[in-house]
Amino acid sequence: MLAWSKSIGRCTVSFISVLLTQLALFLVPLFFSASPILIQLTLSALVLVVVLGFGGWCKRLLGFNASAPAFVFCSIFFIWGVYIAIVRQAISPVMDFVLNVEMIMLIIGLFRLFFFSLQSFATSIIWIMLKDPGFVVCESFSLDELNENSVLGVQTHNESSLLQMRARYCKSCQTYVQGFDHHCPAFGNCIGQKNYVLFMVLLVGFITAEISYIVCSSQFASKFRVLEENRVESGSILVMARSTLLFCVLQVLWQGPFLIWHVYCICFNIRTEEWVNWKKYPEFQLNASSLSGENYQETSFKNPHNKGILQNVKEFLTLK
């Protein structure tokens, strides 16, 4: 019961955070409607930074903790609600059908991705929510603390098995995950071998849905520009459409490079954790002795899992 109430409380804080974030973004096109889009985007980004900073301050000072997965859900439903209530009236039936299908598929995918367990009850709400990323049951030691023998290439049996499985330790979940890429706070779950494909599908889905909404809200603003000059309430409606448009543009601006990075990782069969912390994993280290006779070795990066782009992509598509 205590866990349920705590989880509901965090979801409530997330809902309020979404409303405050969207309200703050609403002020940008309200007071700077005549400014170029780049200026509005810059101001919107600054507003988001301030809101995030304020949220961190509340967390430290008042002990209010939000749920990142709940924030994602609430943001999706907020944007979808604005579309249905405001933007939809100016959109063609075909585009309306496409965007609604994208939203529905996105929500279904999120329910599949989020992992729900007693251990992470307070940080996860519901399959990336319920989908096992590839948790590995093993003895409680961490690859972050490899001993001297491991660094020299003499691993214990358990360590060798974990390296062969590409199992990496997640500090957030405090467990090993096979094919671990990173821990995603927004999804409240690790991204590993068993949910990496679903994660990529969702990432593409987010970008596609956001671009669709940007197109729809742009069409709405252009078709109803004349109403802004005649009625105050229609002006507020247009401001809401523009503020949500700015929010989606900012999301695409960071999710686009994020998608490109993961496409690179797939093509070369490397995980984010392995790329960032390759010096912790002996399999990625190539030692070369100095040619000048000095007593030191130079360690460089090698990728033993790279089998060529086509084979790497095929291996990714068959992950399970």
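Each residue's number is its place along the chain shown, starting with 1.
Each Cβ is built from the backbone N, Cα and C atoms, and glycine gets one as well.
Per TrEMBL, transmembrane segment is recorded for 12-32 (among others). Same-chain residues lying 6 or more positions outside the transmembrane segment (12-32) and placing a CB less than 8 Å from one of its CB atoms are 39-40, 43-44, 47-48, 50-51, 55, 64-68, 70-71, 74-75, 78, 239-240, 242-244, 246-247.
The transmembrane segment annotation in TrEMBL covers 38-58 (among others).
Long-range Cβ contacts of the transmembrane segment (70-91) within its own chain (Cβ-Cβ under 8 Å, at least 6 residues beyond either end) map to 10-11, 14-15, 17-19, 21-22, 99, 103, 106-107, 110, 125, 186-187, 213, 216-217, 219-220, 223-224, 237, 240-241, 244, 247-248. Under the heading transmembrane segment, TrEMBL lists 70-91 (among others).
TrEMBL lists 103-130 (among others) with the feature transmembrane segment.
For the domain 'Palmitoyltransferase DHHC' (164-279), the DSSP counts in helix, strand and coil order read 78 helix, 14 strand, 24 coil. If you look up TrEMBL, you'll see 164-279 marked as domain 'Palmitoyltransferase DHHC'.
What TrEMBL lists as transmembrane segment is 196-215 (among others). Sequence-remote contacts of a segment are chain residues at least 6 beyond its ends whose Cβ falls under 8 Å from one of its Cβ atoms, and for the transmembrane segment (196-215) they are 79, 83, 87, 95, 98-99, 102-103, 105-106, 109-110, 112-113, 128, 131, 133, 179, 181, 184, 187, 244-245, 248-249, 251-252, 255-256, 258-259, 262, 266, 316-317, 319.
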